[in-house]
C-alpha cells in the first residue's frame, strides 16, 4: 500500500537562496534567526530559553539548515540520532509567494511573472474598483493600499462596520485581499464579492494569483480578530500537478487539510478537510492518515507559522509554534507504515526578524521519513519540484516536466 503525507510548515525557510539579493532578502534565515533570538533569551514570551526541536532535529532539520547556510542553528541538537533523509531546496519559480511554492512542490514551477499592485497607496486601478462597486452594489470601499492584514483592521474596521464599505488591500504578493466583518457585512456576501473580484481580475488580464477573503469579528480597534473562515480564490496551475496525475492516472485520493485545496484551485483534490490552528490541523491530519488507503496523498498546510507569526514578525510566537509542532510530531510518525513516506517542507521563508512584513526568498527544508527511507543527506536540491518528481516516481505516475527524484 502506497501513501504519501506532505506537511508544509508555511514560511519555514532555512536560509537565503542564491538569488535572494534580487528580492532584497540576502541574509534572511527564518530558522536561524529565530534560533539566535531564542538563544539570547529574547523570545521568552509564552516559552523559555533556546529553541528546542528534538524531533525535527532527528529528522535532519539542523543538518539541512547547516548545509544551507554553513551554520548549525543554535539550540538544536547537533548529536541527534538521524532517522530521516534531509535536504535543502532552492526555488525555481519567479516569485516567493504561496501558490508558486506549493505548485513547485507538486512539480509545476511558476516560470511566468505574476501581476502585482505595486503602488503602496491607491494600489488598484480605478476601472477595477468601479466594476466591483457596480457589480456588487457596494456603497464604496476602504483601503486601496498595501497593508498588514491586522493593522488595517485596527485602522479601518470601525469605519467598515459603520459604512458597509469593504476593505480592499494588497501586499508585495500577487494578491487582492478583501476584509469584511462576518456579522455586519456577512460571510456569504464577502465570498460573493471575492468571486466577482476573481472574475474581474481574470477577465481584465491582471494576472493576479489570489483573491483572499479575510473575514473578521470584533467591535473596536484592539479586539478585531480574523476568523478561520478565510477563503482563497486562486488561478489553476498551468500544468498537471502530481496531485492531479495521481487522481487521473491511478484513481488515487488527495486529501487537502487546511488551505491546500484553495491553493490548487481544487484541481487534483478529492477531499477537503477544514481546520484552523496548529492543533486542529494536526488532529485532522492524524485522522486522515489513519483512514488513508492505497494511492493516497494527505497534504496539510500549517498556515499559522506564516500568517500569525512570520508576517507579524513575532519571533517568540513563531518559536512557540515550532515547539508545539515538534512536541506533537511523534503522533504523526507512529502512523507511518511500511511503504509510506512523510515529507516535511515549506513553501518560502518569512523571517520574523527581517524588515517589513513580507515573505523572504529562502531555501526550504526537505525532510523525508519512512521505514524504507535511508537516513542521510540528500544534498542541495535545485528546485522544490524534486519533491513532486519523487512523489510521481513513488506512485508510478507519468514523470513531471521539472525536478529530479531524490531516490
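Glycine is no exception: its Cβ is also placed from the backbone N, Cα and C atoms.
Here is what Swiss-Prot says about this protein:
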BINDING   10, 347, 348  Mn(2+) 1 binding site
BINDING   306, 311, 359  Mn(2+) 2 binding site
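Sequence-ordered, the extra residues of this chain that approach the Mn(2+) 1 site, with Cβ no more than 8 Å from the Cβ center of 10, 347, 348, are 8, 11, 12, 98, 101, 102, 306, 346, 349, 350, 359, 364. Taking the Cα of residue 306 (Mn(2+) 2 binding site) as the reference point, the closest of the binding-site residues 10, 347, 348 is 10. Within the group of binding-site residues (10, 306, 347), the Cβ with the highest number of other Cβ atoms inside 10 Å belongs to 347. Not a single one of the binding-site residues 10, 347, 348 has a C-alpha within 10 angstroms of the C-alpha of residue 311 (Mn(2+) 2 binding site). Rounded to a whole value, the Cα-Cα separation of residue 10 (Mn(2+) 1 binding site) and residue 359 (Mn(2+) 2 binding site) is 10 Å. Taking the centre of the Cβ atoms of 306, 311, 359 as the Mn(2+) 2 site, the nearby residues of that chain (Cβ within 8 Å, site residues left out) are 10, 11, 307, 310, 348, 350, 357, 358. Cβ-based neighbour count (10 Å, all protein chains) for residue 311 (Mn(2+) 2 binding site) stands at 20.
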